Amino acid sequence: MDMSGESSIKRRRSSIAASAERPAKHLRPENSTLTPGDATPANGTVYAVEDEGDAGRMMPIGPAQADSPEWQATIENVVKSVVSIHFCQTCSFDTDMSMSSQATGFVVDAERGYILTNRHVVCAGPFWGYCIFDNHEECDVRPVYRDPVHDFGILKFDPKAIRYLELTELKLRPEAARVGSEIRVVGNDAGEKLSILSGVISRLDRNAPEYGDGYCDFNTNYIQAAAAASGGSSGSPVVNIDGHAIALQAGGRADGAATDYFLPLDRPLRALQCIQRGEPVTRGTIQTQWILKPFDECRRLGLTPDWEAAVRKAAPQETSMLVAEIILPEGPADGKLEEGDVLLQVNGELLTQFIRLDDILDSSVGKPVRLLVQRGGQNVEVECEVGDLHAITPDRFVTVAGGTFHNLSYQQARLYAIATRGVYICEAAGSFKLENTLSGWIIDSVDKRPTRNLDEFIEVMRAIPDRSRVVVSYRHIRDLHTRGTGIVYIDRHWHPKMRMAVRNDGTGLWDFSDLADPVPAAAPVPRKADFIHLDGVSQAAVSDIVRSFVRVSCTMPLKLDGYPQAKKTGYGLVVDAEKGLVVVSRAIVPYDLCDINITVADSIIVTAQVVFLHPLQNYTVIQYDPSLVQAPVQSAKLSTEYIKQGQETIFVGFNQNFRIVVAKTTVTDITTVSIPANASAPRYRAINLDAVTVDTGLSGQCTNGVLIGEDGVVQALWLNYLGERTPSSHKDVEYHLGFATPALLPVTTKIQQGIIPKLRILNMESYVVQMSQARIMGVSEQWIQKVAQANPARHQLFMVRKVDCPPPQYSSTADALEEGDIILTLDGKLITRVSELDTMYDKEVLDVLIVRNGEELHLKVPTIPTEDLETDRAVVFCGAVLQKPHHAVRQQISKLHSEVYVSARSRGSPAYQYGLSPTNFITAVNGVPTPNLDSFVREVSKIPDNTYFRLRAVTFDNVPWVVTMKKNDHYFPMSEYIKDPSQPLGWLTVSHDRDRHKDGITPDQANLNPDAMDEAFEQVSDVEPDVE
């Protein structure tokens, strides 16, 4: 978009995902659906998935022309000082999301080991990275300084670690930047480690570019040139023919124009000298943004001819003056300066340049300065107290209840012209995922108590018990006119720690400390409520069924099983009010590592637990404590007869506003379907089910509901089914289909009797074949006649489409189904309906009659216990979520390479940085085989912190590869979740790094934010957008 004429500005930071040094064989492609078209439901609805970023459009880069011998000699010396920086911001902070990327820097002090690069490379938040020199020696780097405003920072490395290269440094010569000077940009352009781009300086007085909502430099001029650099060249030195660094590459245009913007080196040189002398880098501010405006604009603002003449005489080369653009409320200049004031003098000195203004303010922290401005042709002199710029730049943050908070920064305040006051959510996750937006919220109050700053927020949060629901008042920084009010559920059980992180410039790390243990949850109390009455609805059955619905909200603290979301809400149907049993879609409650809250009558909120997860048919049975609900909840009556095509029924559903809608309709079709498999990452999907569709447009708008008869008996559940992710838009398809209630009864009846069903299934997926196909494949006329008699409504048989990869103990059997087998009978019963496959649920071995290659065969096929297919353990290591391959993986793969499967990974983690992707299998650590999680945990526990190790991995498509990774226990300690019914949460949390940290580590401290995790590789940039 255009921003005051500065259109399509980009920062130069590269994504590691597109590295040219290794083909992307370790990534799972997103190609197409994997289910035959005739078995795919037709009413899929596409829902947006939060993409992590957008790489933007990059222009083609032309090579530099052949250089003169002088330039060649210069470049040969310069490249020895240039380094490629690979780095992560391990968690979101201020304007930046957690991410992994590449950039450039250059050595400015070879003796002490200082590297100059951009501030958006050094990161405002926790940084972790390393640099690679021209001879491919590698060295860890840590931040020693990042400027609060200007786009530069300084990293430090150990010069003694570089053994094979004679270190050289580039001299900073800011005064050598002149219009018309020929320059070279030497850096890691487009992630290619070393590129040399040529250009000519065209301007020295450009205002700092605006990058949009993220970090932006201001209160400095920029140098403009035509060099056509791109992502990864951030921090590159801009050198002249003498080999001196005269500017720092920072940004450029992304609209095809070969225009780049360089930061002058005056203030970086001053900061470097302060650090070399061991002095603090003082930074002063009056919280005012100034911009350069040419004399013609200044005249329109009221610059008098006398002052213009004085300025032109004192500085004949000047064509512009500094004009106040933004004065922050409650700042030193508030009420004294006004927007449009033309700056004339500071402390009696005529002043027209940013550099001198910075110099005066930086040397006057805590002291007053006198400013003379012209306002509408009148001289106005004001005195302002110079504040400390570091004091209004956050250097600490707090994580609590899954969210991350710090004081509002000067960067954000300047961008939106607001006071530098308030608590800012830089990672709106966990309890504080407000309005489904990841960041940008300012918290005004929590639990009816004001939170004007981070300290007040901490004191308020200390006192709130676990599982409390409190009122939060908030505003989004982009819309401060609108104050939102919401109720948040405080989670201090999955996220028990309230932690403070404080930046330590001495070590380059952020030091963590615990602030408060969670206050135990209050005992729940019974509450009363009444259900709504539907006015104008003539059917009495509808009024009764309202009392059988409850709203179900499921929150997942960790991404498992390829599930793409961290929170899902929908409706469930009460099947036993006395026992508190509810049936809900498995697209809402996908696994039992979660918090479930149900709302009864839109009034009473109680917790629930998972009782049963169906492995194939997309429903979950959950249970709440009915003694806490004093409301006339009614058990739904489930039909024992299957609903039929053409039958009249009443559709009762809930739309996207959670409002109940009703329509009389007709069943249009009942089709055997399988939900399409997700190509990029396997995840739970329903297979082998009869889907009911109805003749009403409401069915596509409602995710949950029922089909009922006039007598109020529920004939089918209306459920949402999670489908595939579209490769082009990276959005999830969700199907809305009916599921006949007789298929529920065998399970719900047992649960009502206190028996948890332990189903057994055939490890295969089937789909329908018509008689014309069956005859060609060898089914005899006799069997075709039997099919016609057994199922007059649908003449069909089932063919094995895919045989699942079984658990190891069931992998060797002589009698096994194969792809292409047509199933005739199970234990002597002809199979023409999906419901007839249910005979497998309680049989260890089935007598199966099939047609294979035109011949009838009798097989003794063992079934698989479904409890072996559900996830009961997860290990989080270096930001990767590892688990045993879940059922969806076994459904889509033919061979398991190991039982260490990468299910998800966190942004900004070593797993992300080094390319360990979801759907990979880890088979060995440092050459030692790791067939299961126990062996993996044992081997990686031997690896010291900050040490490289080798992982041998195999992709989902059977391609082996090796990844080298560096362990990071400080930001990503190893932790583990183990299913344990004896625990209050049903899961035991374990840390394997407790002995390395005196205060102990829990999984809550391991950056386990599901909203910052990818469960599938997305073909987009893995950093924040370069193009705004």
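Using the three backbone atoms N, Cα and C, a Cβ is placed for every residue, glycine included.
Copied over from Swiss-Prot:
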type	residues	note
ACT_SITE	H120	active site, charge relay system
ACT_SITE	D151	active site, charge relay system
ACT_SITE	S233	active site, charge relay system
DOMAIN	289-374	domain 'PDZ 1'
DOMAIN	876-957	domain 'PDZ 2'
REGION	1-45	region 'Disordered'
REGION	82-266	region 'Serine protease'
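On the backbone, the CA of H120 (active site, charge relay system) and the CA of S233 (active site, charge relay system) stand 12 Å apart. The number of other CB atoms found within 10 A of the CB of H120 (active site, charge relay system), across every protein chain shown, is 29. Per-residue pLDDT, averaged across the region 'Serine protease' (82-266), gives 89.
Look at the domain 'PDZ 2' (876-957): DSSP puts its residues at 18 helix, 26 strand, 38 coil.
Taking the Cα atom of each, S233 (active site, charge relay system) and D151 (active site, charge relay system) are about 14 angstrom apart.
Secondary structure at D151 (active site, charge relay system), as computed by DSSP, is coil. Neighbour list (D151 (active site, charge relay system), Cβ cut-off 8 Å, at least 6 residues apart, same chain): N118, R119, H120, A208, Y215, D217, L248, A250, G251, L263.
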